[in-house]
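As recorded in TrEMBL:
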type   : residues : note
DOMAIN : 13-132   : domain 'FAD dependent oxidoreductase'
Amino acid sequence: RYVYTWHCPNGPGLSCPLLIDTTGAYFRRDGISGNYLGGMSPPEEEEPNTDDLSVDDGYFQEQVWPRLAQRVPAFTSLRPRGSWAGFYDYNTFDCNGVLGPHPKLENLFLAAGFSGHGLQHAPAAGRAIAELVLKGHYETLDLRRLGWGRLVEGEPLREDGV
């Protein structure tokens with residue numbers, strides 16, 4: 001994935017949350033000085049070559065920036081600052097996290113495969129694993145549908161918002 005940074009002193013400011021536009025473009029505030037970071041995942045058929053991690057700055061100019069400016073008019077005057085590329089880790093089976101005890105390995109509990117949602121889901125996933133380890137079952141949230149069963153059964157849990 002490509003991640004871009006830009007400066008826009010008239011942007012949404014300190015109250016700006018992580019925003020994912022309906023077009024797939026996303027951004028969030030980066031610090032307190034009018035800096036932002038964001039990007040957009042390309043359609044699967046347009047995924048960049050992973051042989052190197054060169055950034056296509058044209059992708060920002062042609063695909064991301066117009067969507068950002070449509071969502072936040074102040075972004076029409078943003079100034080690109082930098083970019084980087086990296087691998088996007090996710091569960092290729094169904095793009096959802098896998099949470100709970102391993103079906104064959106005793107005392108192995110897993111919370112993985114959450115992709116870019118990992119940080120957002122970490123508090124709930126951590127609590128769920130703690131409840132499993134300490135109590136032997138979920139108490140706060142029933143997250144069994146994220147368990148290994150769907151992988152073993154070959155039944156993906158579809159999520160269109162990933």
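Any Cβ shown, glycine's included, is placed from N, Cα and C.
In TrEMBL, annotation is done automatically, which means it is predicted and not curated.
In terms of DSSP helix, strand and coil, the domain 'FAD dependent oxidoreductase' (13-132) has 44 helix, 28 strand, 48 coil. For the domain 'FAD dependent oxidoreductase' (13-132), the model gives a mean pLDDT of 90.
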